[in-house]
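Input: a single structure, listed below in structure tokens.
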Amino acid sequence: MSAHTRITRKTVTAIRSTKGIGSLVSLTAYSAPMAKLVHDVADVIIVGDSVGMVLYGMPDTLRVTLDMMIAHGAAVVRGAAQACVVVDLPFSTFQESPAQAYRSAARLLAETGAQAVKLEGGCEMTDTIRFLTERGIPVMAHVGLMPQQANAAGGFRAQGMDPLSAAQVFDAACAAERAGAFSVVIEGTAEALARHLTGTLTIPTIGIGASPACDGQVLVTEDMIGAFDAYTPRFVKRYADANAVMRDAIRQYAHDVRHRVFPEPAHCFGYGKPLQLADAGATV
């Protein structure tokens, strides 16, 4: 690539225009190094509040703060030159009122440089989504299994498995579209429901434990590469065992240090050359 070639970041408008064309690739990232690994492959990078569980060892996403999301979102934007970056609004930063959501979302976009925010919720979030989008804040909706509402839902359970639940998920997704959301994540739902929603909505659906018929798919990158093994959701396909590779490297490093194999001459400065000490006049 020429040094003068300009790399263009994918926009919210570009993501929305992919409806029915190809399949969107989405992954998570919480740091600049991970963002650099995935930005030229992923269409969308989601800086998820799953950072609390994956990086901080939290039992759920409820303890994640807005300041945490801003810090991680800014790092990802610095590392990702091409993908559209979407940052989660964490629990308790948007549910109180549309005005609260606006203040939180405005901070996220202003302080991270991200292109959009993502928020979880059903039909009760319709006014909030509309309030944000009418004020220039792009919103990715999130329906179905919503980790922030796991306590109320009785745990991390698949949604849309009965007629009432299916209707609630369907209505929430349709309401989000009408309110101006540019796309919607459908998580942990009955496959037939996700397929039906994808055929009904005019905005892209991004599935995670949903359906191959969705307009795109997303996984937590650490789940997908095998770098997070506290537990593995049913919908995750592991493409590598990064933890095994890292453990082997760590063990090899420890072995080399204990046996004085590392550092080698190539890792040292002036190895084997005599050193003259200016004050003492001695050579070491």
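Counting begins at 1 with the first residue displayed.
Including glycine, each Cβ sits where the backbone N, Cα and C put it.
The annotation in Swiss-Prot ties D88, E120 to Mg(2+), and of the candidates under consideration, D43, D49, D60, D162, the one tied to the same site is D49.
Compute the center of the Cβ atoms of D49, S50, D88, K118, which mark the site for 3-methyl-2-oxobutanoate; besides them, the chain residues with Cβ within 8 Å of that center are I46, V47, G48, V51, T61, V64, M69, V87, L89, P90, E120.
When Cβ atoms from all protein chains are considered, those within 10 Å of E120 (Mg(2+) binding site) total 25, not counting its own. D88 (Mg(2+) binding site) has K118 as its nearest neighbour among the recorded positions S50, K118, E187, going by CA to CA distance.
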